[in-house]
Amino acid sequence: MSDPSRVDALLSPWAPSVVGLGLPALAAVAYAVGVAVARGRGIPWAIWRVVIWMVTCALGVWTFAGPAQALRDVNPWMDGVSIGMAAAVLPLGVALGDPVKLIELLRGRRIGWARGRVARFVMFPGVASLVSAVVLTYAITSQWYQASLTEPLPWVLLLLTAFVTGLAVNLPLLSDDLMPEWATPAVKTLVAFADGLFDAVPGLVMMLLINKYSGGALLAIAEVIGIPMIAATVVMWVRADAREQREIDAELDAREAEGQGPWWLDDPRFADRFRD
């Protein structure tokens, strides 16, 4: 029997389950159908979002039904890897896929509950990051974590909790209008930096109190994933500035087309100096 701590344990064995195979498959099919319907209506949808979504679904299968599931009780770091995947990697992939925007384009109207009081509180800048860190730290330091190493139901619930709390952080950061209006791209970038600090807490606690290998894996994944998340918010910031500049240029061009020249041309004190 091969040593379960070796890197090749990332590929086998597998532990298929209804949740581990069913949820990612359902998400992949639903998204593909949604994109097909959108394009059939003439609604453009970026292919890179589709690719990221499908890769995320494949990683979801690996996390919930692959070696992460099968070796969590014997591998010294696999449980940390799988928790990190559920808390950081999968939420980032889902957020980049932007399912909320896709659904709203298909519905022709906004999703009410996604902008309700509860959702706005949970997704308020910094709140989701704090909640995610607290919940995950509690989970891995309680009997819940110990039970999850040998029992399938607590393990699945732990991963789903990590995923949901991580999604509450990533989704508003990478969406256009799920945060308050004052949460500009610059604010989102700052929140992404702060989230990287919060993400370190569960991994550090796990390293010190539970298992240094599992904690190290969790910490490494959380911090590495923080880099593309920050990069994504910076890209959004640059695009927002470019869009604002185009709007300003268009407004100035419209004024010029209407005969509204610079103010000094309309001022009788200076107008004659600049007219031919």
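Numbering starts at 1 and runs along the chain as it is shown here.
Positions of Cβ are set from backbone N, Cα and C atoms, glycine also.
Annotation source TrEMBL lists transmembrane segment at 14-34 (among others).
Only residues 6 or more beyond the boundaries of the transmembrane segment (46-65), in the same chain, are considered here, and those with a CB under 8 A from a CB of the stretch are 14-17, 19-21, 23-25, 27-28, 31-32, 35, 82, 85-86, 89-90, 93-94, 96-99, 156, 159. TrEMBL lists 46-65 (among others) with the feature transmembrane segment.
The transmembrane segment annotation in TrEMBL covers 77-97 (among others).
Tertiary proximity for the transmembrane segment (118-141) is limited to same-chain residues at least six positions away from its ends with a CB under 8 Å from its CB atoms, namely 83, 87, 158, 161-162, 165-166, 168-169, 171-172, 178-180, 183, 187-188, 191, 194-195, 198-199, 201-202, 205-206, 209-210. What TrEMBL lists as transmembrane segment is 118-141 (among others).
Long-range Cβ contacts of the transmembrane segment (153-174) within its own chain (Cβ-Cβ under 8 Å, at least 6 residues beyond either end) map to 17, 19-20, 63-64, 69, 72, 82-83, 86-88, 90-92, 94-96, 98, 100, 122-123, 128-129, 131-132, 135-136, 139, 144-145, 147, 188, 191-192, 195, 229, 232-233, 236. The feature transmembrane segment is assigned by TrEMBL to 153-174 (among others).
Per TrEMBL, transmembrane segment is recorded for 186-210 (among others). Panel annotation: around the transmembrane segment (186-210), residues 80, 83-84, 87-88, 125-126, 129-130, 132-133, 136-137, 140-141, 145, 169, 173, 179, 216-220, 222-223, 226, 229-230, 233-234, 236-237 of the same chain, lying at least six beyond its termini, place a Cβ under 8 Å from a Cβ of the stretch.
Residues 77-78, 80-81, 83-85, 87-89, 92, 96, 170, 173-174, 185-186, 188-189, 191-193, 195-196, 199-200, 202-204, 206-207 of the same chain, all 6+ positions outside the transmembrane segment (216-238), place their C-beta atoms under 8 angstroms from a C-beta of that stretch. What TrEMBL records for 216-238 (among others) is transmembrane segment.
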